[in-house]
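K.L.:
Among the features that TrEMBL reports, domain 'Cationic amino acid transporter C-terminal' is placed at 525-575. For 36-57, 69-90, 132-151, 158-183, 195-216, 237-263, 283-305, 357-379, 463-483, 489-510, 522-546, 552-570 (among others), the entry in TrEMBL reads transmembrane segment.
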Amino acid sequence: MGWFNEFGKKKTGVGSTIGAGVYILVGTVAREHSGPALTISFLIAGIAAALSAFCYAELASRCPSAGSAYHYSYICVGEGIAWLIGWALILEYTIGGATVARGISPNLALLFGGENSLPNFLARQHIPGLDIVVDPCASILVFIVTGLLCVGIKESTFAQAIVTTANVCAMIFVIVAGGYLGFKTGWTGYELPTGYFPFGVDGMLAGSATVFFAYIGFDSVASTAEEVKNPQRDLPLGIATALSICCGLYMLVSVVIVGLVPYYAMDPDTPISSAFASHGMQWAAYVITIGAVTALCSTLMGSILPQPRILMAMARDGLLPSLFSDVNKRTQVPVKSTLATGIVAATLSFFMDVSQLAGMVSVGTLLAFTMVAISVLILRYVPPDEVPLPSSLQESIDSVTLRYGRDTQVISGENPAMSTSGDSSRPLLGNKNVAVNRPVVEKQEAQATCTLNEENRRKIARWTIMLTCVGAFGLTFAASNLWLPSLLRYALCGAGGLLLLSGLIVLTIIDQDDARHNFGHTGGFICPFVPLLPIACILINIYLLINLGADTWARVSIWLAIGVLVYAFYGRTHSSLLDAVYVRAVHAGEIYRSSGDSLA
């Protein structure tokens, strides 16, 4: 799989991230939270997303695999947690794709003249007996996208590049035409007695939490890592470029829209088109609708693209049936996984009004973001000493182990032939009166002390990472739940903040593990400001997770409970770890290369 170059990564990341949300969120957030400060809300949300992107970039370049966050969790935390992350991501992409598909047909109808202007075979139909509204157009669009993805990653990327270009052009039109109107009318939206922060700084921050989800999608770049020619270079560049473009476009659009119309007069459903219509530019609504349709189509492709790769990674590990791991030899695409994903998403989009389930999409994303940040801390401070490899590589494992065993013997001076060669009359240590065994004993004692210190450092690092996560949860939980008694809230906030601060100080003081330099692929992107940046990422993501609401968590809990049962009765009994051979992590890459396989 070597077709996916840097250009394709940028297009996929931008196409998956710039969805129709920006066409709707600006109105709701401006009216209810931020007011004219909407631009700063997008900036803060972009910075928060960038924290996760930095963590993703290091792991994606170090461990390029189709599984993305599932694969990183599998390596760093373990199979059980990785299964839950993968199971949550399956929910995210399935419901996300169905939700996006259901939103395309109403926008298409607007282009054809009205809400009910689509042909009967495409228009939504209400079935009285079942009291459901079916959407044939959504289902057909999902099958079309699935077919494109089955053809090949190069072809599907080209198609996504076309719709992404149309979407970006529509946003540029909004920026240019809106900027002209703003200068012509005097930017009436900014000349308000309430000022730039009508809801205060708290309202602006609340707006940031809402618009954060407009940036979700760059993780699809990491999920296609195996199709990248140069993952150490292209993955970080693709993620960074996608986020930069999206953040810039979001901020410019919000600057224009909140300046054209006072925030309290914005239409929450169609904020951009109504802003232009209020200035006599009714025709602009068609351009904006085209942008919304292309944004939805691009997001639909971005939603369906990653899931087959995650299914493939889970099937490789034995947690799902092996048919999901089959890759077509001609197209180099997991066709069976892609078809399964498309059929499920098409069925949901045809029968279900999934708008009530849309909040569940965010759970998988935020859980993945949190686990990726934790994985960065683990790889820096306590990287795994050993990794499991399939027993099919036993021949390569024996070859590499034998070679390194010989090298270790020669280097350590255990070869008797080397110790007797040379001038036998020359003193071994330069002084005949010195006992030859004393330095050896001292060296062994120094090695034992060093090993003991390293074990203590790793133990401290493990406990610190765990307690830091506990502190982040306690702090955000207490700060978000105002119904708690004041004394309990303050106590939880204090304890959580103390754990969080202590964890940051301890991880800053202790050394990072030297083995991190040899783990996975080296020479790629390195996440800066560790441990501060990953800890800030964990804190923000946990805060957003807690604030998703009780109803959303009730639905997600049911899905996760089903996942636990599937893992207990199938995944655990078929896991590849049952027959795995554990080798030193530093040798894993060479073993894969000597076997002719690729490091996944």
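Please read every residue number as a count from 1 along the shown chain.
Using N, Cα and C of the backbone, Cβ positions are placed for all residues, glycine too.
Since we're looking at a predicted model, the values are computed, not measured.
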K.L.:
Report, as numbers and ranges, every residue of the chain located at least six residues beyond the transmembrane segment (552-570) whose Cβ falls under 8 Å of a Cβ in that stretch; write 'none' if there are none.
P.N.:
80, 83-84, 87-88, 91, 319-320, 357, 359-360, 362-363
K.L.:
May I ask which of the stretches 36-57, 158-183, 283-305, 522-546 has the most CB pairs under 8 A with the transmembrane segment (357-379)?
P.N.:
522-546
K.L.:
Can you see whether the transmembrane segment (132-151) and the transmembrane segment (237-263) are touching - at least 3 CB pairs under 8 angstroms, only pairs 6 or more apart in sequence?
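P.N.:
With fewer than 3 qualifying Cβ pairs, these stretches do not touch.
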K.L.:
Decide whether the stretches the transmembrane segment (158-183) and the transmembrane segment (283-305) have at least 3 CB pairs under 8 angstroms, with pairs required to be 6 or more apart in sequence.
P.N.:
yes
K.L.:
Tell me whether the transmembrane segment (195-216) sits in contact with the transmembrane segment (489-510), defined here as at least 3 Cβ pairs under 8 Å among residues 6 or more apart in sequence.
P.N.:
no
K.L.:
Taking a Cβ cut-off under 8 Å, which residues six or more beyond the ends of the transmembrane segment (489-510) line up next to it in the same chain?
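P.N.:
Residues 377, 381, 457, 460-461, 464-465, 467-468, 470-479, 481-482, 531-532, 535, 539.
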K.L.:
Please give the average pLDDT for the domain 'Cationic amino acid transporter C-terminal' (525-575) in this predicted model.
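P.N.:
Computed over the domain 'Cationic amino acid transporter C-terminal' (525-575), the mean pLDDT is 89 on the 0 to 100 scale.
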K.L.:
Please list, for the domain 'Cationic amino acid transporter C-terminal' (525-575), how many residues fall into helix, strand and coil according to DSSP.
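P.N.:
Counts, helix then strand then coil: 40 helix, 0 strand, 11 coil.
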